[in-house]
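Chemist: Have a look at the structure that comes next, please.
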Amino acid sequence: MFSPIQETFRNISKEKGLFFSSLISLITIFVLLDTFIFGVFNLNDFKAKMENSNQAIVYVKTMTEDEISAFQGKLLKVNGIQTIKYVSKESALQLLEKELKVDLSDEENPLQDSFYVYIDKNSNVNALKEELLKNPEVTELDMRTQTIERTNQFSKNLDKLVLFGGVGSIIIAAILIMNITSFGVRLRRREIRDLVATGVSGMAIKITYFLEGLILVLFSSIIGFGIFWKLQKFIVEGINLLRSGIIGNSTDKELLGIYLISLLVGVIITFFSNFIGLHGYYRVKDKKVKPVSNNKNTENEKK
């Protein structure tokens, strides 16, 4: 009786060279895939930090609490403002004392109440600047227009890079994984046809080669993740030494997420290639029967 599990291990034992060459190829793919996913995660973190630096400081005249609340509501309605943070002149003075390590309590406070305005990356910075200066409550505006515009443009370019790079990398990885995991099926096409001809169901054979591909994906993803884990530690340590702020230490949960994503991609592709993509390999093609010519019969009748 045909057993998919026994047949899977028989195929692996029979074609050890093919199995290990496929394993090495898949390990390389999973290392690259894990590294790319890791880069996307950290690139998004870096982009978020960069966008949070897009801020302007709006200095305002002295107002009552009700006037401050009303002005906050007015600011939040301005197109292009994400969030705001109010800092009183007393709080600002205390922060200044901590930074300078001096006591300024006996001095007159020369600072002003202010709002830290965080700007949306899709905002029109010049129009926003004009809109803020129209308010009579505003006494001064600290807004680095050109820097914010460059940061916003860079952020948009990063979005495109992540989108197109991500889609392209996943498609390439999917094609490579599919070709490698389905290579055994293509190589044993005649053997599969013989099994089907002897009465073995196509589904049982599909399960056999799916299990073989699944074993390949599981082993290669685990080994590939181990190599990636060592590699990402080296990358993180190196970039942290440069103090670029691009990549920080990833948590165990984030690393587990990276592994599960790459594993899921591999399993889905293996399932698709065996049960859908190579469906025709598990069927016996009907032999074409040539119609018998009636010419001879006609000639006999004439005789």
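Placed from the backbone N, Cα and C atoms, the Cβ positions cover glycine too.
Sharing the record's features from TrEMBL:
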- 18-41: transmembrane segment (TRANSMEM)
- 61-140: domain 'FtsX extracellular' (DOMAIN)
- 161-187: transmembrane segment (TRANSMEM)
- 166-276: domain 'ABC3 transporter permease C-terminal' (DOMAIN)
- 207-229: transmembrane segment (TRANSMEM)
- 258-282: transmembrane segment (TRANSMEM)
Chemist: Quick one: mean pLDDT on the domain 'FtsX extracellular' (61-140)?
Modeler: 87
Chemist: Taking a Cβ cut-off under 8 Å, which residues six or more beyond the ends of the transmembrane segment (18-41) line up next to it in the same chain?
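Modeler: Residues packing against the transmembrane segment (18-41) from afar: 12, 162, 165-166, 169, 173, 176-177, 180-181, 183-184, 187, 212, 216-217, 219-221, 223-225, 227-228, 231-232, 250, 254, 258-259, 261-262, 265-266.
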Chemist: For the domain 'FtsX extracellular' (61-140), how many residues does DSSP put in helix, in strand and in coil?
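Modeler: DSSP composition of the domain 'FtsX extracellular' (61-140): 33 helix, 17 strand, 30 coil.
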